[in-house]
Amino acid sequence: MSADKIATSAWHKASWRDFPIKQHPCYVNKESIESVERELSNFPPLVFAKEADSLKDKLAKASRGESFLLQGGDCAESFSQFSTNAIRDMFKIILQMSVILTFASSRPVIKVGRLAGQFAKPRSNDVEVIDGVSYPSYRGDLINSQELDKREPDPLRLLKGYHQSASTLNLLRAFSQGGFANLEQVHNWNLGFVANNNFGKRYEELASQIEKSLRFMNACGIDTQTTRQLKEVSFYTSHEALVLNYEEALTRQDSLSKDWYDCSAHFLWIGERTRDIDHAHMEFLRGVKNPLGVKIGPNATKDDLLKICDILNPLNECGRLTFIVRMGADKIEQRFPALLRAVCEEGRNIVWSCDPMHGNTKVASSGYKTRSFTDIVSEIRSFFAIHKAQGSIASGIHLEMTGTDVTECLGGVQDINESSLHKNYHTQCDPRLNATQALELSFMLAEILQK
Ligand code: PEP
Ligand code: CO
């Protein structure tokens, strides 16, 4: 199949099946996967067309510099670590980060979680060798198990992924609209273990300033208790659209517009390893109306980027397409400027977001997969500087983080070093910023956005 075929052939929700595909599970038991697909197709959608449209409108604003995209969450959600507290803590840290960024930049922050569906992982190697024995790689809880004797892709995991996503979303909707996200609660969002360090304290000061502003507004006659914008937040979900059997089964036609939406999440992205223009992931996502992202690594070419725009955003709509740039602190200066210039010169409307995580992964001497806070900050600074030099807009940030005090990334105010990584290392896949590192990063970003 060629890129031309993608652009000219008729799309339907199963048309990806005629294209080559990478990183995809091969289900041996055909009856079982077909029965799971039928079941999923009858389940209620997790999100609704109008919600995806509203996110797209907000992203259009981000592309013009009128708002800022904050997208973040786990590298991979897990079945075993699923808990109310984990979701609550993730939601809290996203609210805290968003308050810091809004206050500094005077721009609304669009909150998008890597949540309620972020289960499937592309892997660099198909096999993992342990004690001389090869096992198929673990590909995320939606596909197989970390246990070595359960590495065969299991279709029933798609059902479990759906149900966990549904209950996660249910809680997120309650948190967003049921009083928890009320700006009056700004102090209560600070996480216990963070409150005692520098950045927790800086957050407390900011929270006090916000409270004072709310009291001032009340004194002026604005009832902050009943103002919806202060009481509720819009929170959106996103994940990498990797397992297309799952995405297809949750793809529904909107009864009003007759357009197709992938109702598994508001925002879907294509990963760095599956963004070939003539492949199945590109074919599938071009046909749904959700706002979309594509990861852009250091080996992308101008031609790749322009073809991705042609395929995923032929009408050049603002807010439809986000490029999530993840080159690595050591490569971004060299690779990104020419790509950005080419896309800008062609007048393509893009939401430019920086993922400073995936180009900066390394293995510590202790064997842990890690990332250094210094590299993460350095890539973000370069991303903003390159945009400034080009006269274009840096519209967002894409992070892997958690609301708990894990020790997975090196550095930051707690000065996590290689020998302390083992203390609280829990990720299912890539190393995440802990809550303190996430706050520290937000204050650093706030300074950049203020300039
Ligand atoms: C991810 O976002 O977890 C991921 C695998 O990213 P990338 O496709 O950029 O490597
Ligand atoms: Co990751």
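Just so you know, glycine gets a Cβ as well, placed from its N, Cα and C.
TrEMBL lists Cys75, His358, Glu400, Asp430 with the feature Mn(2+) binding site. Residues or ranges marked as phosphoenolpyruvate binding site by TrEMBL: Arg114, Glu272, Arg273, Lys295, Arg326.
According to its DSSP assignment, Arg273 (phosphoenolpyruvate binding site) is helical. Filtering Cys75, Glu272, Lys295, Arg326, Asp430 by Cβ distance to ligand 2 (under 6 A) retains the following binding-site residues: Cys75, Asp430. The maximum pairwise C-alpha distance among Arg114, Glu272, Arg273, Lys295, Arg326, the residues recorded as binding phosphoenolpyruvate, is 18 Å. Excluding Cys75, His358, Glu400, Asp430, which define the Mn(2+) site, the same chain contributes Met357, Thr361, Thr427, Cys429, Pro431, Arg432 within 8 Å (Cβ to the Cβ centroid), listed in sequence order. With all protein chains in the displayed structure included, the most crowded Cβ environment within 10 Å among the binding-site residues Glu272, Glu400, Asp430 is that of Glu400. A coil conformation is recorded for Cys75 (Mn(2+) binding site) in the three-state DSSP classification, outside any helix or strand. In the shown protein chains, 23 other C-beta atoms lie within 10 A of the C-beta of Cys75 (Mn(2+) binding site).
Spacing of Glu400 (Mn(2+) binding site) relative to Glu272 (phosphoenolpyruvate binding site) is 16 Å (Cα to Cα, whole number). Under 8 Å, Cβ to Cβ, and six or more positions away along its own chain, His358 (Mn(2+) binding site) finds Glu272, Lys295, Gly297, Arg326, Asp430.
For the pair formed by Cys75 (Mn(2+) binding site) and Arg273 (phosphoenolpyruvate binding site), distance between Cα atoms is given as 15 Å, rounded to the nearest Å. Asp430 (Mn(2+) binding site) falls within neither a helix nor a strand when secondary structure is assigned with DSSP, and so counts as coil. Around Arg273 (phosphoenolpyruvate binding site), taking its Cβ as the centre, 16 other Cβ atoms fall within 10 Å, counting all chains. For the recorded site, Arg326 (phosphoenolpyruvate binding site), the DSSP three-state label reads coil.
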